[in-house]
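According to Swiss-Prot, the protein has these features:
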TOPO_DOM  1-54  topological domain 'Extracellular'
REGION    24-45  region 'Disordered'
COMPBIAS  24-33  compositional bias 'Low complexity'
CARBOHYD  Asn35  N-linked glycosylation site
TRANSMEM  55-75  transmembrane segment
TOPO_DOM  76-129  topological domain 'Cytoplasmic'
TRANSMEM  130-150  transmembrane segment
TOPO_DOM  151-164  topological domain 'Extracellular'
TRANSMEM  165-185  transmembrane segment
TOPO_DOM  186-239  topological domain 'Cytoplasmic'
TRANSMEM  240-260  transmembrane segment
TOPO_DOM  261-287  topological domain 'Extracellular'
TRANSMEM  288-308  transmembrane segment
TOPO_DOM  309-353  topological domain 'Cytoplasmic'
TRANSMEM  354-374  transmembrane segment
TOPO_DOM  375-383  topological domain 'Extracellular'
TRANSMEM  384-404  transmembrane segment
TOPO_DOM  405-495  topological domain 'Cytoplasmic'
Amino acid sequence: MLHLRLFDSSLYYTLASASESSGLASSTSTERSFNGTQGAGGVAAGGESLTPTDVAAVNLTYFTPAISHVMLAPTTIATTTASATMVQIQTTAAPSHDLETGGNSTSSDPGEFDNLNSFYFYETEQFAVLWILFTVIVLGNSAVLFVMFINKNRKSRMNYFIKQLALADLCVGLLNVLTDIIWRITISWRAGNLACKAIRFSQVCVTYSSTYVLVAMSIDRYDAITHPMNFSKSWKRARHLVAGAWLISALFSLPILVLYEEKLIQGHPQCWIELGSPIAWQVYMSLVSATLFAIPALIISACYAIIVKTIWAKGSIFVPTERAGFGAAPARRASSRGIIPRAKVKTVKMTLTIVFVFIICWSPYIIFDLLQVFGQIPHSQTNIAIATFIQSLAPLNSAANPLIYCLFSSQVFRTLSRFPPFKWFTCCCKSYRNNSQQNRCHTVGRRLHNSCDSMRTLTTSLTVSRRSTNKTNARVVICERPTKVVTVPAMSERV
């Protein structure tokens, strides 16, 4: 299955449950029949016991790792007991394939999982999606960093946060998705125990950093809206927020250095983690969900609630006012009571969109994993397909952020449009852009023409008024507005 997941507890949780129930399984089903083929390869069936060679072949067939994230493990795995009969208990690492609640027993029906195919989206589709994600994440975030480097003279706190978030997302693509692709090709872990700990630590750290840099960005937007005139220590505070985000990410990643180690799993060396019991996995996943999603989401929600309240309390950013001498048509000007620049509001909208995408991408994954470790996900082929889709949403967050930058930042779009392949794409949209520009110019020109006509009428009226004041007993009417008539008496000679 495609599960680009950071904290995949399903395999380890399933193996722990299977090890506890292996004694019961060996006493009740010493020989299992397999009809046809299962998953990606066939398993010899009938009443025959499996030889070590057959077991190795089965393990190689079912051991398709999905390792792009922190708790990464084989998608489907066939575990064997140490008994002489080589009883095979097939377990699945997908969230949709949990054992019974509590994890202390397998299904009473030995053929329940025979028709379930954990390779719902098989290797070709998985590799295709992985390569697409990797390409979009790396190219998109590299393009954003390139734009920030080209326009480094235009410094702003928002650009600083965007650069840090793009750097974290780029690391997600290079360390998580690329590692997943490589491990799917090699099957076994071949880098050693030290590299196992270092790479796992790096994967967790960049995942946390992508989240907590977003939290820091939200806090900065909160400060920019609630204290719009506070410029004295804004840059220093922004740097402290980013440094704190990376420091918190590193601290939350430290347990990985202890939990992960290189182990021999089914005859293949793997970078592995074992917690021992389903309860331990429930506690672990609860902590991960809180630190990776729940706490950041609460902080971000609180910041934006205060931002919305502040903007609402200060009134509209642009208030309507009547144009002097041109009827009641509303004009827009900055409010003198609460000055919040238009650019600052635009950055708030962009950050809010990034936060919304973050919640959309992560909440299904977190909820699904929690339901899995607590035994609330039933076994079915449909759930495998659902899990495959949900698990692909996490890295989509890193792929979507660059698109949001281009959508909200004209600077990013203009800079990228000067370089291929973005230049080729903008050329395709040239005709549409020209038509839109002509329509805008026509509208603006018509408004300017009407405005000039009105000014010309007022100037003519004032000229007539000034000339008429030299005549005795003359009365001049200035037609400034059709609804109002102003009468000016002529100056009389002194007697």
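The backbone N, Cα and C atoms fix where each Cβ goes, glycine too.
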* Folded-back contacts onto the transmembrane segment (240-260), same chain, C-beta under 8 angstroms, at least six residues removed -> 70, 160-161, 164, 196-197, 200-201, 204-209, 211-213, 215-216, 219-220, 271-273, 275, 291
* **Secondary structure tally of the topological domain 'Extracellular' (375-383) (DSSP, helix then strand then coil)** => 3 helix, 0 strand, 6 coil
* To do: Give, as a single whole number between 0 and 100, the mean pLDDT over the topological domain 'Extracellular' (375-383).
  => 79
* Asked: Going along the chain, which residues at least six beyond the ends of the topological domain 'Extracellular' (151-164) come within the CB cut-off of under 8 Å?
  -> 144-145, 213, 216-217, 220, 224, 234-235, 238-239, 242, 245, 347, 405, 409, 411, 415
